[in-house]
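Notes to accompany the following structure.
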Amino acid sequence: MAASAVAPTPLLTDELDIIIPTIRNLDFLEMWRPFFQPYHLIIVQDGDPTKKINVPEGFDYELYNRDDINRILGPKASCISFKDSACRCFGYMVSKKKYIFTIDDDCFVAKDPSGKDINALEQHIKNLLCPATPFFFNTLYDPYREGADFVRGYPFSLREGAPTAVSHGLWLNIPDYDAPTQLVKPRERNSRYVDAVLTIPKGTLFPMCGMNLAFDRDLIGPAMYFGLMGDGQPIGRYDDMWAGWCTKVICDHLGLGIKTGLPYIWHSKASNPFVNLKKEYKGIYWQEELIPFFQSAVLPKECTTVQACYKELAKQVNAKLSNVDPYFTKLADAMVTWIDAWDELNPPSKAGLANGSA
C-alpha cells in the first residue's frame, strides 16, 4: 500500500465520546469501524430494556437502557424521553469527555465527489477546533480553512473569531424533511455535495438535526437537552430542533459560534411520513409561535453560565408558551429538572470555567 494511503492518526481519542441512540443491533458500526474504533461509545438503548442489543466486537462502549437511566437519575429520570431518539441526551449527561459526536444508527459513511470515504468525525473535530465567525459574515465561508481567508472589508477587530460550540453536519441521499414535504416529494434524494462550512450568524435561528452532530460539551453541553418527546408526549421529531433553538439563543448570548455544512453522512432510509405526521402535526402548528418566541428571547447579563441561561429560558418558556399548550409548562419543568440532574452528575466546580463563563 502506498504511503499516501496510510490513515492519519485519529484526533482527540481521549477527549471525545460518540453517542448513539438505538432500538436495534448496531451492525452499522462495521462500516464506521475505521473511523469510530479508536473512540469510546456511549449507547443509549430506547424502548424495552430487556431486549438484547448486539454491538460488533472490538468497540469500546458502555450501554445504558431505561432501567439504568431510572437507577442513575432516580425521580429526575422523568426528564429523559422514552421511545424517542431524544433519549440520546442522557449520554451527553453521563459522558465525562470534552467533546461529543452523536449519530443515528441509519447513517452510513458517505463518499465525497472523488469517491473517497468521508471521515465525518474528523471533519467535525476540525470544525470545533477552529474559531467561528458569528458576528460578521465572511463571503468565502470559513475563513480559517486552508486556501481561504477573510475578504476585503472584514473588520480586523473580529478576525480572532469566537469559540465554536457546535458543528452541524449534513446528509446525502434521504433529506431531513418534515412529513408534509416527505409526502409531496417521496422520491427526492439529495445528491448535491457542497464543499463548504459556514458560521450561522448571531441572531439567526436554524433547524438543528441530531443525526450528524458534534459539540463542545464543556462549552454548551447543558443546553443540549432534546426535550420531552415520544411516549406519553403530544409531540415528536422536534427534539433536536428544540435543542437547537435553545442552544442558538444561549450561544448568541455567551458569544459562541455554531457551524453548519461539512461533513456529510449517508442517510440510508426514509421514515414513514404518515407515522411522522402523527408525531409532528402539533409541532408544525406550534412552531409558528415557537420561532417568534426564540427570535425575541433575551437573556439577562447576569446569566453567565449555560445552566443559568437555560433555567432562565425555562422560566420564559413557562411564562410565554404555556398559553399555547399546557405541554410547555411540563416541558419548562423538565428543562429545570434536566439542569438539576446535569449538575448532580457534573458538579459545577468540576466544570470550572468551561460552562459558558470562559
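For all residues, glycine too, the Cβ spot is worked out from N, Cα and C.
Annotated site 'Required for activity' per TrEMBL: R152 (among others), in sequence order.
Other C-beta atoms found within 10 angstroms of the C-beta of R152 (site 'Required for activity') number 5, with every protein chain shown included. Taken from TrEMBL, the feature N-linked glycosylation site applies to R152.
Taken from TrEMBL, the feature site 'Required for activity' applies to R159 (among others). A C-beta separation below 8 Å, combined with a sequence spacing of at least six in one chain, links R159 (site 'Required for activity') to P143, F150.
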